[in-house]
């Protein structure tokens, strides 16, 4: 499985890189295509590398075959360079199309999924759509979103790896302490963007900018789709039994101070960032 995933990733990234390099050469040495068309093609090549719709089918399939630590790298570090290039050549109309398609696909396709890795893959598409939308505001905005998103993905994948769970049915992690169960639920709700957790803050800042620009239709669409995203994260939380204690054979989790640090990150960092956004 791992070798197949590596080959799939290599082919997809190579395809995106070939298109990207061809467009750069055409921009520099020929005048066959207009600049806007070249920039649009560069955006599409980055969409291929990011796994955004309609070039997204490889992403959930690959996530299903790799381990959680590799999933974390794929959802964070490997997204940084394509996102930066996309921010340099962003075209307004194509940006809106990518945002709408990515948000709708990521929200709707994850509803009936039982694999947590596939859910995380589709969730990444929704977060990428928020980041691409924030490029219209400023580079600082999407970079701030990326940092907070990376923190949340890191906490989520650490939990899933420590608990050794892959499917929603395995999330009844009753062998954990109460504080660890609460932390797990908080991380899931934060990934879904529920206030007042950390995951809500970047979305709130983007929505605030959209209100000021009077882009109400797109804001309403993003809000509704985000509710669907929040729904499937709540579905993940529903199996967590808060008060009963029993042991599952797949759980391989050692109690540490990690849960306390994650709760502090979720509850303390969020209001600090929210306060700073007013200045």
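FYI, residue positions are counted from 1 along the chain as it appears here.
Each Cβ is built from the backbone N, Cα and C atoms, and glycine gets one as well.
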Where TrEMBL places transmembrane segment among the ranges 142-161, 162-181: 142-161
Distant-in-sequence neighbours of the transmembrane segment (142-161), which means Cβ under 8 A and at least six residues beyond its ends: 67-69, 71-72, 75-76, 79-80, 83, 87, 116, 120, 124, 127, 130-132, 134-135, 183-184, 187-188, 190-191, 198-199, 201-202, 205-206, 258, 262, 265, 273
